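Taken straight from TrEMBL:
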| type | residues | note |
| --- | --- | --- |
| TRANSMEM | 25-48 | transmembrane segment |
| DOMAIN | 41-290 | domain 'G-protein coupled receptors family 1 profile' |
| TRANSMEM | 60-78 | transmembrane segment |
| TRANSMEM | 98-120 | transmembrane segment |
| TRANSMEM | 197-219 | transmembrane segment |
| TRANSMEM | 240-261 | transmembrane segment |
| TRANSMEM | 273-292 | transmembrane segment |
Amino acid sequence: MGANNQTWVREFILLGLSNDWDTQVTLFVLFSVTYLLTLLGNVLVVLLIRLDSRLHTPMYFFLTNLSLVDVSYATSIVPQMLVHFLVEHKGIPYVSCAAQLFFSLGLGGIEFVLLAMMAYDRYVAVCDPLRYSVIMHGGLCARLAITSWVSGSVNSLVQTTITFQLPMCTNKYIDHISCEILAVVRLACVDTSSNEVAIMVSSIVLLMTPFCLVLLSYIRIISTILKIQSTEGRKKAFHTCASHLTVVFLCYGMTIFTYIQPNSSPSVLQEKLISVFYAILMPVLNPMIYSLRNKEVKGAWQKLLGQLSGLMSKLGT
């Protein structure tokens with residue numbers, strides 16, 4: 001019974017980004033505004049795609065999934081972090097911590113795989129445009145999306161289960177902004193080498209494998225674009241991929257730059273900054289990137305705003 005009491009932790013304490021009250025208030029205001037913009041931007045993108053029939057294409061089907069993932073990922077971390085900025089006791093129950101780890105890890109994995117599926121869509125659009133509608137039919141798009149959601153969720157379920165089977169003894173202080181897997185594993189009072197191997201394997205499967213697929217897709221895409229004779233044709237083909245390529249660079253680049261370093265592992269501060277980047281910045285940047293760099297989306301926005309303006313004018317008269 002004593003051993004069980006030693007290994008059972010009812011609550012964890014998240015140390016967060018800062019102990020300074022003024023800093024926490026500033027971060028609360030900044031992150032609150034950013035989170036609201038994340039919700040607004042991604043919900044509007046999803047609604048716009050649903051309302052405009054010109055956007056009922058595979059690319060925007062995947063973008064809808066990406067927006068849902070971004071909103072869900074931010075929601076799994078940010079609201080709890082905002083509450084902790086304003087309270088002295090920054091506790092999170094054991095079960096809530098496990099749930100947060102499951103959802104944030106799962107949604108992160110889903111996004112990486114989803115970006116690889118989007119790269120394949122862009123590869124077909126540029127390299128085999130005449131058969132694009134035949135290859136990227138609705139059934140295939142649905143299967144690719146389901147594969148993304150299932151693979152990320154299954155990996156997260158396995159990682160969460162083996163992580164929370166570790167005895168934590170009396171360790172309950174998590175030096176992080178959320179229940180991130182590496183931060184939780186560090187609390188264990190036993191050898192965690194098997195967990196570290198499992199994390200490394202899952203990183204290869206859900207990070208490096210999709211990244212390699214994205215890389216191969218864009219090698220073929222760039223090769224095809226360079227063979228196009230007209231400057232206008234090359235420009236149009238590149239513009240087709242510009243938004244996705246920007247998101248890929250931001251999403252994969254941050255993780256790979258931080259974790260793939262010779263004879264080094266990321267510091268606790270780096271891990272916190274990565275989490276802030278993915279939970280705060282990426283979800284608000286994605287709808288901006290796809291809106292500002294995409295003529296079809298900008299055209300749909302203009303059409304919708306024009307319809308709303310016309311409706312308001314009729315109501316006013």
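Including glycine, each Cβ sits where the backbone N, Cα and C put it.
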>> Across the domain 'G-protein coupled receptors family 1 profile' (41-290), what does the mean pLDDT come to, as a whole number?
In response: 87
> Taking 60-78, 98-120, 197-219 as candidates, which has the most Cβ pairs under 8 Å with the transmembrane segment (25-48)?
Replying inline: 60-78
